[in-house]
Amino acid sequence: MKSYLVLLKKILKEGSNRKDRTGIGTLSVFGYHMEFNLKLGFPLITTKKCHFPAIVHELLWFLKGDTNIKYLNDHNISIWNPWADERGYLGPIYGEQWRSWKTKDGRVIDQIDNVIHLIKNNPNSRRIVVSSWNVGDLHKMALLPCHVLFQFHVVDHVLHCQLYQRSCDVFLGLPFNIASYSLLTHMIAQQCNLKVGNFIWTGGDVHLYKNHIKQAKKQILRRPYLLPKLVINRKPTQIFNYLLQDFNLLNYKYHPSIHAKIAI
(Lines of atoms letter the chains of each structure in order from A and count residues from 1; the text may use other names and numbers.)
(Lines give C-alpha, C1' and ligand atoms only; values in the text may rest on other atoms or scores of the structure.)
Protein backbone atom coordinates (compact mmCIF):
# COMPACT_ATOMS: atom_id res chain seq x y z
CA MET A 1 0.00 0.00 0.00
CA LYS A 2 2.33 2.67 -1.27
CA SER A 3 -0.55 5.15 -1.33
CA TYR A 4 -0.67 5.11 2.48
CA LEU A 5 3.04 5.91 2.71
CA VAL A 6 2.57 8.70 0.15
CA LEU A 7 -0.04 10.22 2.46
CA LEU A 8 2.26 9.98 5.49
CA LYS A 9 5.03 11.71 3.54
CA LYS A 10 2.67 14.46 2.37
CA ILE A 11 1.53 15.23 5.91
CA LEU A 12 5.10 15.24 7.23
CA LYS A 13 6.18 17.60 4.45
CA GLU A 14 3.14 19.83 3.96
CA GLY A 15 0.97 19.44 7.06
CA SER A 16 -0.19 22.56 8.89
CA ASN A 17 0.35 22.84 12.63
CA ARG A 18 -3.03 22.75 14.32
CA LYS A 19 -4.36 22.67 17.84
CA ASP A 20 -6.92 19.99 18.56
CA ARG A 21 -9.40 18.63 21.09
CA THR A 22 -6.85 16.33 22.73
CA GLY A 23 -4.27 19.04 23.43
CA ILE A 24 -1.53 17.05 21.66
CA GLY A 25 -1.55 18.99 18.41
CA THR A 26 -1.43 17.72 14.84
CA LEU A 27 0.12 18.11 11.43
CA SER A 28 -2.88 18.28 9.14
CA VAL A 29 -3.89 18.42 5.48
CA PHE A 30 -7.46 19.03 4.39
CA GLY A 31 -9.13 17.02 1.67
CA TYR A 32 -7.46 13.80 0.50
CA HIS A 33 -8.53 10.93 -1.73
CA MET A 34 -7.35 7.33 -2.17
CA GLU A 35 -8.72 4.38 -4.16
CA PHE A 36 -8.15 0.66 -3.60
CA ASN A 37 -9.01 -2.00 -6.15
CA LEU A 38 -10.31 -4.82 -3.98
CA LYS A 39 -9.86 -7.33 -6.80
CA LEU A 40 -6.09 -6.88 -6.51
CA GLY A 41 -5.81 -7.72 -2.82
CA PHE A 42 -7.14 -6.82 0.59
CA PRO A 43 -5.89 -3.33 1.61
CA LEU A 44 -4.38 -4.03 5.01
CA ILE A 45 -1.11 -2.18 5.43
CA THR A 46 2.06 -4.29 5.51
CA THR A 47 4.60 -1.70 6.71
CA LYS A 48 3.55 -2.51 10.26
CA LYS A 49 1.48 -5.31 11.74
CA CYS A 50 -2.26 -4.69 11.96
CA HIS A 51 -4.43 -6.92 14.16
CA PHE A 52 -6.99 -8.27 11.69
CA PRO A 53 -9.19 -10.01 14.31
CA ALA A 54 -9.69 -6.66 16.06
CA ILE A 55 -10.80 -5.10 12.77
CA VAL A 56 -13.27 -7.93 12.19
CA HIS A 57 -14.69 -7.86 15.71
CA GLU A 58 -15.16 -4.09 15.69
CA LEU A 59 -17.08 -4.30 12.41
CA LEU A 60 -19.22 -7.19 13.69
CA TRP A 61 -19.88 -5.11 16.81
CA PHE A 62 -21.07 -2.19 14.68
CA LEU A 63 -23.28 -4.52 12.65
CA LYS A 64 -24.86 -5.88 15.83
CA GLY A 65 -25.99 -2.36 16.65
CA ASP A 66 -24.05 -2.63 19.90
CA THR A 67 -22.70 0.42 21.73
CA ASN A 68 -21.34 -1.27 24.86
CA ILE A 69 -17.69 -2.33 25.03
CA LYS A 70 -18.42 -5.69 26.70
CA TYR A 71 -18.44 -7.61 23.39
CA LEU A 72 -15.10 -6.06 22.42
CA ASN A 73 -13.56 -6.66 25.85
CA ASP A 74 -14.74 -10.28 25.77
CA HIS A 75 -12.59 -10.62 22.63
CA ASN A 76 -9.58 -8.84 24.20
CA ILE A 77 -10.14 -5.58 22.30
CA SER A 78 -9.79 -2.40 24.33
CA ILE A 79 -9.60 0.33 21.67
CA TRP A 80 -12.92 1.88 22.74
CA ASN A 81 -12.36 1.61 26.51
CA PRO A 82 -11.09 5.18 27.09
CA TRP A 83 -14.43 6.68 26.02
CA ALA A 84 -16.85 4.29 27.73
CA ASP A 85 -18.76 5.20 30.89
CA GLU A 86 -18.62 3.13 34.07
CA ARG A 87 -21.19 0.68 32.64
CA GLY A 88 -19.32 0.31 29.36
CA TYR A 89 -21.68 2.40 27.26
CA LEU A 90 -20.61 4.88 24.59
CA GLY A 91 -23.93 6.48 23.76
CA PRO A 92 -25.63 6.26 20.34
CA ILE A 93 -22.46 5.84 18.25
CA TYR A 94 -21.94 3.95 14.97
CA GLY A 95 -23.78 0.71 15.74
CA GLU A 96 -26.94 2.42 16.90
CA GLN A 97 -26.99 4.85 13.99
CA TRP A 98 -26.38 2.07 11.46
CA ARG A 99 -29.04 -0.26 12.85
CA SER A 100 -31.46 1.85 14.93
CA TRP A 101 -31.60 5.45 13.68
CA LYS A 102 -34.52 6.95 15.63
CA THR A 103 -36.74 9.48 13.88
CA LYS A 104 -38.75 12.32 15.39
CA ASP A 105 -42.02 10.55 14.55
CA GLY A 106 -41.01 7.43 16.48
CA ARG A 107 -39.75 5.19 13.68
CA VAL A 108 -36.53 3.16 13.95
CA ILE A 109 -34.53 2.81 10.71
CA ASP A 110 -32.10 -0.03 10.01
CA GLN A 111 -29.78 1.62 7.49
CA ILE A 112 -27.75 -1.54 6.83
CA ASP A 113 -30.85 -3.56 6.03
CA ASN A 114 -32.06 -0.71 3.83
CA VAL A 115 -28.89 -0.51 1.72
CA ILE A 116 -28.82 -4.27 1.17
CA HIS A 117 -32.46 -4.14 0.07
CA LEU A 118 -31.66 -1.30 -2.34
CA ILE A 119 -28.60 -3.03 -3.77
CA LYS A 120 -30.64 -6.16 -4.44
CA ASN A 121 -33.76 -4.46 -5.75
CA ASN A 122 -32.66 -1.11 -7.19
CA PRO A 123 -28.91 -1.29 -7.86
CA ASN A 124 -29.00 1.87 -9.99
CA SER A 125 -30.15 3.94 -7.03
CA ARG A 126 -28.03 6.92 -6.02
CA ARG A 127 -29.43 6.70 -2.49
CA ILE A 128 -27.55 3.65 -1.21
CA VAL A 129 -26.11 5.63 1.68
CA VAL A 130 -25.46 5.07 5.40
CA SER A 131 -24.85 8.04 7.71
CA SER A 132 -23.60 8.06 11.29
CA TRP A 133 -23.84 11.85 11.64
CA ASN A 134 -27.15 12.15 13.48
CA VAL A 135 -27.07 15.80 14.55
CA GLY A 136 -29.77 15.31 17.17
CA ASP A 137 -27.74 12.58 18.91
CA LEU A 138 -24.24 14.06 18.73
CA HIS A 139 -24.40 15.49 22.25
CA LYS A 140 -25.10 12.01 23.65
CA MET A 141 -22.14 10.30 21.94
CA ALA A 142 -18.95 9.60 23.90
CA LEU A 143 -16.98 10.24 20.71
CA LEU A 144 -18.43 11.89 17.62
CA PRO A 145 -18.30 9.82 14.41
CA CYS A 146 -15.09 10.24 12.42
CA HIS A 147 -16.13 8.06 9.47
CA VAL A 148 -19.47 9.71 8.96
CA LEU A 149 -21.00 8.58 5.66
CA PHE A 150 -20.56 5.80 3.11
CA GLN A 151 -22.24 5.08 -0.20
CA PHE A 152 -22.46 2.01 -2.42
CA HIS A 153 -22.53 2.00 -6.21
CA VAL A 154 -23.26 -0.96 -8.48
CA VAL A 155 -22.04 -1.20 -12.08
CA ASP A 156 -22.10 -4.42 -14.16
CA HIS A 157 -22.64 -6.61 -11.07
CA VAL A 158 -19.64 -5.04 -9.32
CA LEU A 159 -20.02 -3.31 -5.93
CA HIS A 160 -18.04 -0.17 -5.14
CA CYS A 161 -17.98 1.73 -1.84
CA GLN A 162 -16.98 5.29 -1.02
CA LEU A 163 -16.41 6.55 2.53
CA TYR A 164 -16.21 10.14 3.71
CA GLN A 165 -14.21 10.57 6.91
CA ARG A 166 -14.44 14.04 8.45
CA SER A 167 -11.48 13.49 10.80
CA CYS A 168 -8.71 10.94 10.41
CA ASP A 169 -5.93 9.82 12.76
CA VAL A 170 -3.66 8.61 9.97
CA PHE A 171 -1.14 6.61 11.99
CA LEU A 172 -3.45 4.60 14.27
CA GLY A 173 -6.95 4.93 12.86
CA LEU A 174 -6.72 5.00 9.07
CA PRO A 175 -5.31 1.47 8.55
CA PHE A 176 -8.26 0.12 10.57
CA ASN A 177 -10.78 2.27 8.69
CA ILE A 178 -9.58 1.22 5.23
CA ALA A 179 -9.59 -2.46 6.16
CA SER A 180 -12.94 -2.28 7.97
CA TYR A 181 -14.88 -0.70 5.10
CA SER A 182 -13.14 -2.93 2.56
CA LEU A 183 -14.26 -5.92 4.62
CA LEU A 184 -17.80 -4.55 4.79
CA THR A 185 -17.79 -4.16 1.01
CA HIS A 186 -16.74 -7.80 0.60
CA MET A 187 -19.50 -8.92 2.98
CA ILE A 188 -22.26 -6.94 1.30
CA ALA A 189 -21.06 -8.03 -2.13
CA GLN A 190 -21.31 -11.65 -1.03
CA GLN A 191 -24.78 -11.13 0.43
CA CYS A 192 -25.96 -9.50 -2.81
CA ASN A 193 -24.21 -11.96 -5.18
CA LEU A 194 -21.94 -9.26 -6.60
CA LYS A 195 -18.22 -8.96 -7.22
CA VAL A 196 -16.11 -6.44 -5.32
CA GLY A 197 -14.80 -3.37 -7.09
CA ASN A 198 -13.14 -0.29 -5.61
CA PHE A 199 -13.07 1.07 -2.10
CA ILE A 200 -12.72 4.84 -2.29
CA TRP A 201 -11.63 6.81 0.75
CA THR A 202 -12.05 10.56 1.11
CA GLY A 203 -10.77 12.40 4.16
CA GLY A 204 -11.52 15.86 5.54
CA ASP A 205 -9.08 16.82 8.30
CA VAL A 206 -6.37 14.23 7.69
CA HIS A 207 -3.74 14.40 10.41
CA LEU A 208 -0.80 12.98 12.28
CA TYR A 209 -0.77 13.60 16.00
CA LYS A 210 2.53 15.12 17.05
CA ASN A 211 3.26 12.16 19.32
CA HIS A 212 3.08 9.92 16.22
CA ILE A 213 5.56 11.83 14.04
CA LYS A 214 8.59 9.79 15.07
CA GLN A 215 6.72 6.56 14.35
CA ALA A 216 5.51 7.82 10.96
CA LYS A 217 9.06 8.73 9.94
CA LYS A 218 10.11 5.19 10.82
CA GLN A 219 7.27 3.63 8.87
CA ILE A 220 7.88 5.53 5.61
CA LEU A 221 11.34 3.94 5.40
CA ARG A 222 9.82 0.48 5.11
CA ARG A 223 9.06 -1.21 1.81
CA PRO A 224 5.50 -2.56 1.44
CA TYR A 225 4.91 -6.25 0.81
CA LEU A 226 2.28 -7.60 -1.56
CA LEU A 227 -1.25 -7.29 -0.24
CA PRO A 228 -2.91 -10.32 1.34
CA LYS A 229 -6.01 -12.01 -0.04
CA LEU A 230 -9.33 -12.17 1.81
CA VAL A 231 -11.30 -15.41 1.67
CA ILE A 232 -14.82 -15.67 3.14
CA ASN A 233 -15.41 -19.27 4.18
CA ARG A 234 -19.21 -19.33 4.14
CA LYS A 235 -22.23 -17.23 3.23
CA PRO A 236 -24.47 -16.64 6.25
CA THR A 237 -28.20 -16.17 5.74
CA GLN A 238 -27.82 -12.45 6.50
CA ILE A 239 -25.03 -9.95 7.02
CA PHE A 240 -25.58 -9.81 10.76
CA ASN A 241 -24.61 -13.48 11.22
CA TYR A 242 -20.93 -13.44 10.25
CA LEU A 243 -18.33 -14.70 12.73
CA LEU A 244 -14.59 -14.14 13.02
CA GLN A 245 -13.86 -17.64 11.76
CA ASP A 246 -15.70 -16.88 8.52
CA PHE A 247 -12.74 -14.80 7.34
CA ASN A 248 -9.29 -15.97 6.29
CA LEU A 249 -6.52 -13.53 5.45
CA LEU A 250 -4.07 -15.34 3.21
CA ASN A 251 -0.40 -14.43 2.75
CA TYR A 252 -0.39 -11.48 5.13
CA LYS A 253 3.30 -10.61 5.37
CA TYR A 254 4.11 -7.55 7.46
CA HIS A 255 6.84 -5.55 9.14
CA PRO A 256 7.00 -5.41 12.97
CA SER A 257 4.52 -3.38 14.97
CA ILE A 258 5.24 0.27 15.74
CA HIS A 259 3.86 1.32 19.10
CA ALA A 260 2.06 4.64 19.47
CA LYS A 261 -0.27 6.05 22.12
CA ILE A 262 -3.83 6.89 21.18
CA ALA A 263 -4.87 10.53 21.51
CA ILE A 264 -7.86 10.84 23.85
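Each Cβ is built from the backbone N, Cα and C atoms, and glycine gets one as well.
Features reported for this protein in Swiss-Prot:
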BINDING   Arg21, Arg126, Arg127, Arg166, Ser167, Cys168, Asp169, Asn177, His207, Leu208, Tyr209  dUMP binding site
BINDING   His51, Asp169, Ala263  (6R)-5,10-methylene-5,6,7,8-tetrahydrofolate binding site
ACT_SITE  Cys146  active site, nucleophile
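Distribution of Swiss-Prot features across the structure.
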residue	record	DSSP class
Arg21	dUMP binding site	coil
His51	(6R)-5,10-methylene-5,6,7,8-tetrahydrofolate binding site	coil
Arg127	dUMP binding site	coil
Cys146	active site, nucleophile	coil
Ser167	dUMP binding site	strand
His207	dUMP binding site	strand
Ala263	(6R)-5,10-methylene-5,6,7,8-tetrahydrofolate binding site	coil
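For His51 ((6R)-5,10-methylene-5,6,7,8-tetrahydrofolate binding site), the nearest neighbour among the binding-site residues Arg21, Arg127, Ser167, Asp169, Tyr209, judged by Cα separation, is Asp169.
Taking only the Cα positions, the spacing between Ser167 (dUMP binding site) and the residue listed as 'active site, nucleophile' is 5 angstrom.
Close to Ala263 ((6R)-5,10-methylene-5,6,7,8-tetrahydrofolate binding site), meaning Cα to Cα within 10 A, are the following binding-site residues out of Arg127, His207, Tyr209: Tyr209. Other Cβ atoms within 10 Å of the Cβ of Ser167 (dUMP binding site) number 19 in total over all chains.
For His51 ((6R)-5,10-methylene-5,6,7,8-tetrahydrofolate binding site), the count of additional Cβ atoms within 10 Å of its Cβ stands at 15 [all protein chains shown].
Taking the Cα atom of each, Asp169 (dUMP binding site) and the residue listed as 'active site, nucleophile' are about 9 angstrom apart. Considering only the residues assigned to dUMP binding, Arg21, Arg126, Arg127, Arg166, Ser167, Cys168, Asp169, Asn177, His207, Leu208, Tyr209, the longest pairwise Cα distance works out to 36 Å. The candidate set comprises the binding-site residues Arg21, Arg127, His207. Of these, His207 has the most other Cβ atoms within 10 Å. Neighbour list (Cys146 (active site, nucleophile), Cβ cut-off 8 Å, at least 6 residues apart, same chain): Gln165, Arg166, Ser167, Cys168, Asp169, Gly173, Asn177.
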